[in-house]
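Heads up: the structure comes next, in structure tokens.
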Amino acid sequence: MAEDATTVTKSYAVCSLFPDALSQTVRTTLVLFWFALLLVTVDESELLTVPDGWKEVPFTREDNPRGLLEESSFATLFPKYREAYLKECWPLVQKALGELYIKGTLDLIEGSMTVSTTKKAFDPYAIVRARDLIKLLARSVPFEQAVRILQDDMACDIIKIGTLVRNRERFVKRRQRLIGPKGSTLKALELLTSCYVMVQGNTVSALGPFSGLKEVRKVVMDTMKNIHPIYNIKALMIKRELAKDPELRTQSWDRFLPSFKHKNLAKRKEPKKKTVKKEYTPFPPPQPESQIDKELATGEFFLRENQKRRKKMEEIKVKQAEALSRKQEERNKAFIPPKEKPAVKKQKKASTEGKIDIEAIKDKVKKAKNKKLGAPPVNVATATTAGSEKKMKNR
């Protein structure tokens, strides 16, 4: 307070230094410039630090003794499967809202919950907290957790994830990835952010301090964009350790945080026909020439009718002659004999291995004839002499 008083006295002193001849605008500008110089001299670390153990002063009836001028009310619908649970815990809800002088009604026929202020209510923001309470109860948050929203340092955030992914199967897989095996990923996120997180249907309900709700929303949105929550959880763990160091409080933490690059291993299929885009020009394309313009360019426009007819007939005759010649060539192709390949006689090389020795075969035959079964071989000379002697006796 003493510093504020000195600052104000300095500002008055500065105003008194300026002569009255100066305009009010110039004097105001110079005073603002003086305040800017004072702010520059203040250390930034003093502006960012919050005293340890500081808590916001609670809002009491003394702050607003006359109460509220108008009645405010909010209503919300709840699904059919929440009817039994709400019917059971509604007395507890009425008791918690009664402490803030808020009236709550449960309509089971219509399936809605309504909260409204009473004449004794003095806190204008209590009706907003009561609205958040019935919203959390409708989104399957248990009463023990939802009633914490009535505290001053608590807030809630209901994140809609149903429209972020088109494919239903892909949406279910990513939602399950946020929960993790046996709820381990969700539990780690709750411990790091000091928030209660409830995944139900197409929404994610979070309850906790404002700083934690901001991190929960970032993790949920990144998970729906196909970024695994383990990367954000790892970054939150590093931030939690860095926050304990008072020297790093005013420094950037980017050098400590991991940077994960998205690696798309599957190559994109390129189309077979690639269309080359033309360069953009702000001018429209040139207007096509009409038939009269073409005739003026060639000079046909100035010819007489009979000359035009004669020229057309000549063009038609030339086209007919060309078509006739092409047809004649196609007919003559059938009578042209195909080119024959020249016959090449293959000379068989006489192999030396295939020669037959006739003399050797004759000798073998003679030797086989002279052999007798079971008898030793006989000389040819003796056999011939014995045969000649027999012939002489027979004579």
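Each Cβ is built from the backbone N, Cα and C atoms, and glycine gets one as well.
Since this is a predicted model, take the numbers as computed values, not measurements.
According to TrEMBL, the domain 'K Homology' annotation covers 155-225. What TrEMBL lists as compositional bias 'Basic residues' is 265-276. The region 'Disordered' annotation in TrEMBL covers 265-292, 322-354, 369-395. What TrEMBL lists as compositional bias 'Basic and acidic residues' is 322-343.
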Ask   = Quick one: DSSP breakdown of the compositional bias 'Basic and acidic residues' (322-343) into helix, strand and coil?
value = 14 helix, 0 strand, 8 coil
Request  = Report, as numbers and ranges, which residues of the same chain sit near the region 'Disordered' (265-292): CB under 8 Å and 6 or more residues beyond its ends.
outcome  = 301
